[in-house]
Amino acid sequence: KNRPTFCNLLPETGRCNALIPAFYYNSHLHKCQKFNYGGCGGNANNFKTIDECQRTCAAKYGRSS
């Protein structure tokens, strides 16, 4: 199973001006990081919690443990 492709997207604040704490997966650093979401628009690399981000994007895909 492969990591979802949206995990590679850069964080997008979106069109609105709210400052909602959110998390995105940084594919270069291989970890989830905080960013401010504007409240609308953006892309799928946007999670309400760091746990949700890690479960979706930071899990070990395609590697044997």
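Keep in mind that glycine also has a Cβ here, set from the backbone N, Cα and C atoms.
If you look up Swiss-Prot, you'll see CYS7-CYS57 (among others) marked as disulfide bond, on the strength of experimental evidence. In sequence order, TYR25, SER27, ASN45, THR56, CYS57 are the residues near CYS7 (disulfide bond), counting only same-chain partners six or more apart with C-beta under 8 A.
The domain 'BPTI/Kunitz inhibitor' annotation in Swiss-Prot covers 7-57 and rests on sequence analysis. Per-residue pLDDT, averaged over the domain 'BPTI/Kunitz inhibitor' (7-57), rounds to 98.
Here Swiss-Prot flags CYS16-CYS40 (among others) as disulfide bond, drawing on experimental evidence. Using a 10 Å radius centred on the Cβ of CYS40 (disulfide bond) and all shown protein chains, the other Cβ atoms total 12.
In this structure, CYS32 (disulfide bond) is part of a beta strand by DSSP. The Cβ of CYS32 (disulfide bond) has PHE23, TYR24, TYR25, ASN26, PHE47, ILE50, CYS53, GLN54, CYS57, ALA58 as same-chain neighbours under 8 Å, each 6 or more residues away in sequence. Per Swiss-Prot, disulfide bond is recorded for CYS32-CYS53 (among others), and the stated evidence type is experimental evidence.
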Task: Residues that sit under 8 angstroms from CYS16 (disulfide bond) by C-beta distance, when 6+ apart in the chain - done: GLY38, GLY39, CYS40, GLY41
